[in-house]
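For reference, the structure discussed in these notes is given below.
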Amino acid sequence: MIIGVPKEIKNNENRVALTPGGAQELSKHGHEVYIQTTAGEGSGFMDEEYVEAGAQILPDIESVYAKAEMIMKVKEPIEPEYKLIREDQLVFTYFHFASYEPLTRAMIDNKSVCLAYETVERPDKSLPLLVPMSEVAGRMSIQEGAKYLEKPLKGRGILLGGVPGVRPAKVLILGGGVVGTNAAKMAAGMGADVTIMDLNLQRLRYLDDIMPANVNTFMSNEYNIRELISTHDLIVGAVLIPGAKAPHLITRDMLKDMRPGTVLVDVAVDQGGCIETCKPTTHQDPTYIIDDVLHYCVANMPGAVPYTSTLALTNATLPFAIQLANKGWVKACQDNRDLALGLNIIKGDVVYDAVAEAFDLPHVPFEKYLGNAH
Ligand SMILES: NC(=O)c1ccc[n+]([C@@H]2O[C@H](COP(=O)([O-])OP(=O)(O)OC[C@H]3O[C@@H](n4cnc5c(N)ncnc54)[C@H](O)[C@@H]3O)[C@@H](O)[C@H]2O)c1
């Protein structure tokens, strides 16, 4: 198969969909890999490394789209890319269709085959191509939180791990899923006194078993949250209710119960945030202060560490890309239902229920294209 990797053109996006290592794997399977010049630069991968790995470099985005049977990207296509995508071309990337109708309409009109990272789903409902970004954001939440606790950055001026004779900082993590667990690991490793809250008792039992001794678990409810916020220095929002807006676990009136310089990192900001006073910020201007409480609410945290994020993402996407390249999308999706669930739009038909519902469009089951393989 001919695979094309364009350079991401969305503002401040430095990730790339394929590393030189990934290009080598695809080449080894007999596929032709074309990379747009400098596509990997933002993540630290130079054109020469791709060439050494067996890929070829193309001078511009137009030639990549013109050449490839499968396009591998990171972010959803944006307006200038709509017209470059051709009928029958397979596009494997994050799309998040339900949040943007013009993109959905454009991909229906160009009759491409859109396989979305975010809806590839395992039988246990986990989302293997979203997990890596949650791992990055969870770990980063503590790195950022520790930094903003410093006095010159308007925090309380407390060192996360303390020192001998001085107690460490107290970290409260709301939500014990992928983000919360990764945050807890980092905070615990830095020596903080960590509490992780969740609604799911099974999950709390599991975390209690695997976490180090400086991590405690606590049932999530308003009473318990109110009790803890006045004594904690760093609070991380990491809840998710699939398909719904995040609940406001910390409301505006609770800020007055916190000490000045408390730092709130609301990772769930991309789902509306679980802290009422949270509004999306950017890496250029990541924080703001309300009632002496510092808020960090960057909606694309992994964007700040493109080297790590690119490797984490491509570790997860590459096995699926190899299946798509080796078998073609029809056979690959017939053989792998997890991958088939990533199909969102096929040749003008919306085949993902939630996308059809979002814009009141007819829903065509993907079985129309795959037969009754599943
Ligand atoms: N800002 C970013 O850059 C970024 C990056 C990655 C993920 N995220 C977001 O982080 C959030 C968490 O993602 P995840 O992968 O950890 O999800 P997850 O599904 O693995 O975990 C969510 C956890 O929240 C718990 N929960 C639900 N309601 C709760 C409540 N009322 N109190 C306490 N816990 C509750 C669930 O039981 C679950 O354990 C999502 O909104 C995700 O979109 C943001």
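Every residue, even glycine, has its Cβ placed from backbone N, Cα and C.
Listed features, source TrEMBL:
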DOMAIN    4-137  domain 'Alanine dehydrogenase/pyridine nucleotide transhydrogenase N-terminal'
BINDING   Arg15, Lys75  substrate binding site
ACT_SITE  His96  active site, proton donor/acceptor
BINDING   Ser134, Asp198, Arg203, Ser220, Val239, Leu240, Val267, Ala268, Val269, Asp270, Val298, Ala299, Asn300, Met301  NAD(+) binding site
ACT_SITE  Asp270  active site, proton donor/acceptor
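Cα separation, Val239 (NAD(+) binding site) to Asp270 (active site, proton donor/acceptor), rounded: 11 Å. For ligand 1, the recorded positions lying close by, meaning a CB under 6 A from one of its atoms, are Asn300; the full candidate list was Arg15, Lys75, His96, Asn300. Within 10 Å of Asn300 (NAD(+) binding site), judged by CA to CA distance, lie the following recorded positions from the set Arg15, Lys75, His96, Asp270: Asp270. A 10 Å radius around the C-alpha of Lys75 (substrate binding site) takes in these recorded positions out of His96, Ser134, Val267, in sequence order: His96. With the fewest other Cβ atoms inside 10 Å of its Cβ, the least crowded of the binding-site residues Arg15, Lys75 in this structure is Lys75. Ranked by Cα separation from Ser134 (NAD(+) binding site), the recorded positions Arg15, His96, Asp270 are led by Asp270. By a simple count of nearby Cβ atoms, those within 10 Å, the most crowded of the binding-site residues Ser134, Asn300 is Ser134.
In the three-state DSSP scheme, Val269 (NAD(+) binding site) is classed as helix.
Taken as a whole, the domain 'Alanine dehydrogenase/pyridine nucleotide transhydrogenase N-terminal' (4-137) shows an average pLDDT of 96 in this prediction. For the binding-site residues Val239, Val267, Val269, Val298, the ranking by surrounding Cβ atoms (within 10 Å, all protein chains) places Val267 first. For His96 (active site, proton donor/acceptor) paired with Asp270 (active site, proton donor/acceptor), the C-alpha to C-alpha distance reads 12 Å. Long-range Cβ contacts of Asp270 (active site, proton donor/acceptor) within its own chain (separation 6+, distance under 8 Å): Pro280, Ala299, Asn300.
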